[in-house]
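Student: According to TrEMBL:
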type	residues	note
DOMAIN	33-274	domain 'G-protein coupled receptors family 1 profile'
TRANSMEM	22-42	transmembrane segment
TRANSMEM	49-68	transmembrane segment
TRANSMEM	102-128	transmembrane segment
TRANSMEM	140-162	transmembrane segment
TRANSMEM	168-192	transmembrane segment
TRANSMEM	213-235	transmembrane segment
TRANSMEM	255-276	transmembrane segment
Amino acid sequence: KNISDLSLNSTDCTQVVVPEEVFFTVAAAGILENLLVLIAVIRNKNLHLPMYFFICSLAISDMLGSLYKTLENIFIILCKMGYLTRRGDFEKKLDDAMDSMFILSLLGSIFSLLAIAADRYITIFYALRYHNIMTLRRALVILAILWIFCAGSSIAIALFSYEAATVIPFTILFPLMMFFMLCLYIHMFLLARSHAKKIASLPTSTVHQRTNMKGAITLTIFLGVFLCCWAPFVLHILLARFCPHNPYCACYMSIFHVNGTLIMCNAIIDPMIFAFRSPELRSTFKKMFCCAR
């Protein structure tokens, strides 16, 4: 509310408001789609692989992002109706809990993408030893460590969100992780051709190489969608913290609702990428819908 008031007072830019019905529709669609992905992976034993478990981790992160925006809008509606106040102790704790959920969603998405990137890297460059390096048990341990770290970090950041020492590392983490993944992709694609030539003599090398490169391309699509959907909101946080009185910053912050909608759109687009790029997942969806009918 303070950011909205400030942007209206210091700039002539009109506040862009997204209807609450749009928020709830997009959020509900994102939650349902990602829930379908989780159910499909659980039901199909052929999908009980590290790669799909990492995809499930990303789906959970997307669900948390949509759930956060849904609860936030319910909170705003209750405030407008007079059932809640903006300054009460209970409301402050509720706001901290929602902020923690938002940060958990962002961190979960970043580290899930990192895990998927590492899995694709091992698949491409250590194909013959992949099943020894990335076992199902090891993948579950990695996910447990990642989510424990993300949960602890989200609570700490939400509690101390007004401290610059907390905001700066959080905002730096986003471009740092994106830069690391970008370097990993560049390294992956530059070495893919030479690696393909080295294993060309193997009988199944062509099939494996095509499959692995398809996975790398899918991961690149994930990263592009993630950047487009999350980067505007992260930029909003930076501007609100470091230049709230600047008219240009305030003008950008006037599209706060649009940036929030983009986060929820990420939760809708990711499952579509899963279904479009994975024949096994498409087949599972078809069987699920046929059984339902």
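Cβ atoms are placed via backbone N, Cα and C, with glycine included.
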Student: Look over the recorded stretches 49-68, 140-162, 255-276 and say which has the most C-beta pairs under 8 A to the transmembrane segment (102-128).
Tutor: 49-68
Student: What residues in the same chain, six or more past the boundaries of the transmembrane segment (255-276), come closer than 8 Å to it by Cβ-Cβ distance?
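Tutor: Sequence-remote neighbours of the transmembrane segment (255-276) are 3-4, 16-18, 22-23, 26-27, 29-31, 33-34, 36-37, 55, 58-59, 62-63, 65-66, 69, 72, 105, 109, 218, 221-222, 225-226, 228-230, 232-233, 236, 282, 285.
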